[in-house]
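As given in TrEMBL:
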type	residues	note
DOMAIN	307-394	domain 'Ig-like'
DOMAIN	399-468	domain 'Ig-like'
DOMAIN	497-612	domain 'Ig-like'
DOMAIN	619-718	domain 'Fibronectin type-III'
DOMAIN	719-812	domain 'Fibronectin type-III'
DOMAIN	816-904	domain 'Ig-like'
DOMAIN	914-1009	domain 'Fibronectin type-III'
DOMAIN	1027-1115	domain 'Ig-like'
Amino acid sequence: FLNQSESLVLFLGENITFIAKVKAEDLLRKPTVKWFKGKWMDLASKAGKHLQLKETFERHTRIYTFEMQIIKAKENYAGNYRCEVSYKDKFDSCSFDLEVRESTGSTPNIDIRSAFKRRRLINISKKEMQLLFINDSGEGQEDAGELDFSGLLKPKQRFSPVREVKQQQDEEPEIDVWELLKNANPNEYEKIAFQYGITDLRGMLKRLKRMRRVEKKSAAFAKILDPAYQVDKGGRVRFVVELADPKLEVKWYKNGQEIRPSTKYIFEHKGCERIMFINNCGLTDDSEYYVTAGDEKCSTELFVREPPIMVTKQLEDTNAYCGERVELECEVSEDDANVKWFKNGEEIIPGPKSRYKVKIEGKKHTLIIEGATKADSAEYSAMTTGGQSSAKLSVGLKPLKILTPLADQTAKLGKEICLKCEVSENITGKWTKNGLPVQESDRVKVVHKGRIHKLVIDNALIEDEGDYVFTPDDYPDTMSAKVHVIAKTMFNIPDPPKINLDGLDADNTVTVIAGNKLRLEIPISGEPPPKVIWSRADKLLNQMKKSRTSTLIEKHIHLLIDAIMESGRIRAESYPDSSTLVIDVAERDDSGVYNINLKNEAGEAHASIKIKVVDIPDPPVAPNVTDVGDDWCIMNWEPPAYDGGSPILGYFIERKKKQSSRWMRLNFELCKETTFEPKKMIEGVAYEVRIFAVNAIGISKPSMPSKPFVPLAVTSPPTLLAVDNVTDTTVTMKWRPPDQIGAAGLDGYVLEYCLEGTEDWIVANTDLIDKTKFTITGLPTDAKIFVRVKAVNAAGASEPKYYSQPILVKEIIEPPKIRIPRHLKQTYIRRVGEAVNLVIPFQGKPRPELTWKKDGAEIDKNQINIRNSETDTIIFIRKAERSHSGKYDLEVKVEKFVENASIDIQIVGRILFPLRKMKIKSFQGEIVLLSWTAPKHDGNAVISGYPSQKADKKSMEWFTVIEHYHRTHATITELVIGNEYYFRVFAENMCGLSENATMTKESAVIAKDGKVYKNPVYEDFDFTEAPMFTQPLVNTYAIAGYNATLNCSVRGNPKPKITWMKNKVAIVDDPRYRMFSNQGVCTLEIRKPSSYDGGTYCCKAVNNLGTVEVECKLEVKGMT
């Protein structure tokens, strides 16, 4: 870059062009050049009416030239601009300041070379770069876009540009207007806006207020969304928030509508982070998003940037002739992009009445000019958002050829003179006589019909002699002929009859359109005037003899006589110098050969004329739809039986929905073939199509509609085809459903296999199967097969999904492996009378041999049921007994491979036998010492304590004095002096108290010591209490298929009765729910919940003193 000054002054309404030149001798491809305004605004997206970007390449010097032109500058165009050049890992940039001032009537001198500020980031070796600025005051080319730089004042964090290379330390810091507004006093807002050129102050203040609201500390979010995100069209964006409490429920919204998980929207949880991905972003995703957590939310905006449309194939200069069809073609970088066409800077607006048509085929855009004229010679350009292409069109005249020149003529006085010529083009021209223009009159007529030009003079006069010249317009060529008029002699010399057919084609064929009137005039001559006879197929036509009159009144009289006398639609009219064949309304049957015969005393003349009546073709037969897809079909038809006498030029095709009466034209250019592929139909909707045949005469009537058809698409191929199992004669395959099914649905699957070395695919299932798993049977051992699966619906079979490699049909030995569930790795404890149902999965191929043993001995199958399958084994005991306790050993054997596992089962029950040797060891005063021996059997469980009770001999009511006591002796205190007591002790294990207690045989008498003991008087303490929840239920989220529990704690005296309810309905005897209550802790277990189990759950506690309830919500989420 050249060193430039730091400012450039431009006046309002002026134009300026910035040119960046890059020398590319050592570059393998074109460098990337980007233009920016401010920090981040990419000007490629702003190209339009006031901003144009161009690029060219000079092959000889190998220099790339990049231009940015600002047209009709405005005040808000002022600011800092930057040009960035990059090639692979090299990067460089330059910036300059543009100042726009009001025009003072004169343009000051500007030092162009001092308009740039140098900014060097990374040196680009072996490249020479120059940046030149050219100030152009000419008028810019108009475009549809409008350049708006007010967007530069958006906050810095709204758009995150591509990571930039670190700049040098000496680079001048840029002023952030947002920071100024945040820290400024509201009274200084207008001053800052004026100083920094802010035009949308009100909008900025609204966004600033929103930003300040976002800065408030959130109790739910530890990290909120950025104020804005930017992504290119088709890209992927990632929204991340961090929660303060990971238990909070998070929901995402777009424009107020909740977003559900799909292939487009993907949600992820990572610790406290909640992440949402949006895939394949389109313009419809450009909107506001927010996320809620509890009662709080944070929002952001997503801006989807559409990449600039570039012109990939330039227009080419074209030369054409007048009347020809001209096509100007270019290609752009995106399909169906918006391209505007211009002629000499003025936009071309195509329409039904316009000569200009635009054809779009994917990336190809074509401007079509029908019947080009000289006025169409101009410079044409195609403009996109990322550039433009121009080309020149030159329209000239075709070379003119003289097919039939003028011939000299000698005519008799009073006879007709006819000068005729024919040229190669249908153009106009002028007739002159002796250098003066020929004036038309009743006697002199100028006739122009297609390429034929005639000058007809009735009743030739002596003054009609002279030199006649015909000059075509716009051509230098001329044709001349001399005319000589001779007077009649007193004696008429007989002249044989002659028929002049010069005006007809070489084969004397005359073509007429059906329904039109044919009046074919054949000049004749002969002296005396010959007799004219017209015939067709030996049948004479009606003959009418007429004379030529010179007055208008006489002509009207003859026309009236003709109307009265005409008796046939086909007739002949004879005049002294011509004979006319008249067909009033031509019909198809009128085609044929017509003969004209002339006869006088000097001789005869004969000629044949072929009349060809052409018409529009007959309508084609109804088309056939041979194939259909998701939005297309293929149709064909037969040509019409009668082409109207003119070759078929093509066909028009129309379609309509079956329930509609509105037909829509599908092609605006004739279809030359008898097959067509309509597109862009709606899947699942019935359509009909019809055909029009077109020839040179016109368009036929429509054909009958085709049979109704419905566009339906086959599904996409099934996915994840895998081998599930292989034996010596079978192969089991499994797969996943197709990703795309469509309106036709899915009827089933077809599984096919092919033996290695052959090409014949064999269908494994005769009928369609609904499941995504199938076993191919009857296969030869040790063979290799290829497998594929197809999805089938009403539209047919999908593309097959192949298994990647051949499968060997031989059972693979898989060593056995036992997968002991986690809860069985410890001692499995059940109570007497309960059922035991243990499932132990295992693996191994072929099917393993299983052996169960208990404590080293065979299991009695009359007491314990063993059920084995291919993948697991089950131990089932309907009513467990203590004798079922023990160590169960499992052996899984596959040929020589053996796997062992053990399970400890403990069946526990209440202690049946009482304590032994229960006695009062000693007593003194108010204290009694008891001792006993542990029971003989502990119920197969550890004794957890010995509850002790006492009873006054008078009442024999038992009261517990010690609980959870583990020793075999105890000291009983606080006995009443003077009373006599008995004592008993229970043994307790995990199943409860023993069935019987052991009581002392003797009693203990608390004797008096000679003094009167006065019992203290105590007021009875009221231990009753209404139920109260000390720990309420909390809202819970569960995963479908995994057990969920709801817990709360309650206290009350008497012990309250606990009732669980779902949605106000009590849960009673429902096997899907298990209810526990231990030491005041209430638990509800929901086994493998589904979405049906979601709702409001209530725990209700009731005793004599009151009722209390507590509720919570349970939401069951599906597995992702």
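Just so you know, glycine gets a Cβ as well, placed from its N, Cα and C.
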**Prompt:** For the domain 'Fibronectin type-III' (719-812), what is the mean per-residue pLDDT, to the nearest integer?
**Reply:** 90
**Residues in the domain 'Fibronectin type-III' (619-718) grouped by DSSP into helix, strand and remaining coil** = 0 helix, 35 strand, 65 coil
**Complete:** Taking DSSP helix as H, G and I and strand as E and B, the domain 'Fibronectin type-III' (914-1009) has 0 helix, 45 strand, 51 coil
**Complete:** Per DSSP, the domain 'Fibronectin type-III' (719-812) contains 0 helix, 45 strand, 49 coil
